[in-house]
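Participant: Mind looking over this structure? Questions follow.
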Amino acid sequence: MSSIEIAPSILSADFARLHDQVATVVEAGATWVHIDVMDGVFVPPITMGPIVVSALREAFGDRVVLDCHLMIDRPERQVDAFAQAGADVITFHAEATAHSHRVVQAIREHGVKAGIAVCPGTPLGVFEEVEVDLALCMTVNPGWGGQPFIPTSPAKIERMRALVGPDVALEVDGGVDARTAPVVVQAGADKLVAGSAVFSKPDPAAAFREIEAAARGAA
């Protein structure tokens, strides 16, 4: 496995103070920032687009990995826009396209790392057929932050790790906090998305460090 990283999800941040909120977790040690992109089609909410990625890239330069999670229908239509905006990782949902291999190729043509995400009820067959740089296991149903962690997720994470091998980043998104972080790390995850467990707290920096310590202590 690669190094354990906590990726604060800005979906749970205060958008009126987005720069300050991201700066707070970066100063606390975050090297990944997770950007949840929703289109109102694949999932009901609409969130943000390439303009936010571009703004974060301009503000933080190369200090952070911009980890873009596309919860959108037909993601192949948006790869160019997010890559040009400055994404370091673009992850799309296996359920959102019939052409996963083609989308991975399109992402990599930009020199960007390619990831595939699967919803809690989705089988893992795509990882038998398509080579990725990152595999994302949703541990809640996508669309909203603050949902509880699905208890059966660790077994699925273990199966994903067995399928993708030790060199692929395995990311977990949903219900991650200081209690669940050690559980998913022990199951094989090395990239942990934490949203409300960081940004809904009075001290996001302290919350980030607590989750990071819990995760790395379990590695």
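Residue 1 is the first one shown; counting continues down the chain.
Backbone N, Cα and C atoms are what each Cβ position is placed from, and that goes for glycine too.
Found this in TrEMBL, in case it helps:
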ACT_SITE  Asp36  active site, proton acceptor
ACT_SITE  Asp173  active site, proton donor
BINDING   Ser9, His69, Gly143, Trp144, Gly145, Gly146, Asp173, Gly174, Gly175, Gly195, Ser196  substrate binding site
BINDING   His34, Asp36, His69, Asp173  divalent metal cation binding site
Participant: Determine, using Cα-Cα distances only, which of these recorded positions is closest to His69 (divalent metal cation binding site): Ser9, Asp36, Asp173, Gly175, Ser196.
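Facilitator: With Cα distances computed to His69 (divalent metal cation binding site), the winner among Ser9, Asp36, Asp173, Gly175, Ser196 is Asp36.
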Participant: Using an 8 Å cut-off from the Cβ centroid of His34, Asp36, His69, Asp173, can you name the remaining same-chain residues around the divalent metal cation site, in sequence order?
Facilitator: Ala7, Ser9, Leu11, Ile35, Asp67, Met71, Thr91, Leu136, Val193, Gly195
Participant: Which of the listed binding-site residues (Ser9, Ser196) has the least company, meaning the fewest other Cβ atoms within 10 Å of its Cβ?
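Facilitator: Ser196, out of the binding-site residues Ser9, Ser196, has the fewest neighbouring Cβ atoms within 10 Å.
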Participant: With the residue listed as 'active site, proton acceptor' as the reference Cα, tell me which of the recorded positions Ser9, Asp173, Gly175, Ser196 is the closest one.
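Facilitator: Going through Ser9, Asp173, Gly175, Ser196 one by one, the closest to the residue listed as 'active site, proton acceptor' is Ser9.
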Participant: Among the active-site residues listed here (Asp36, Asp173), identify the one with the smallest other-Cβ count within 10 Å.
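Facilitator: Ranked by other Cβ atoms within 10 Å, the active-site residues Asp36, Asp173 bottom out at Asp36.
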Participant: Nearest of the binding-site residues to His34 (divalent metal cation binding site) by CA-CA distance, picking from Ser9, Gly175, Ser196?
Facilitator: Ser9
Participant: Name the secondary structure element type, per DSSP in three states, that contains Gly175 (substrate binding site).
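Facilitator: Once the DSSP labels are grouped into three classes, Gly175 (substrate binding site) ends up as coil.
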Participant: If you draw a 10 Å sphere on the Cβ of Gly175 (substrate binding site), how many other Cβ atoms land inside?
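Facilitator: Its Cβ has 24 other Cβ atoms within 10 Å.
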Participant: Around the C-beta of His34 (divalent metal cation binding site), how many further C-beta atoms are within 10 angstroms, looking at every protein chain?
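Facilitator: For His34 (divalent metal cation binding site), the 10 Å Cβ neighbour count is 27.
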Participant: How many Å lie between the Cα of Asp173 (active site, proton donor) and the Cα of Ser196 (substrate binding site)?
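Facilitator: On Cα coordinates alone, these residues lie 11 Å apart.
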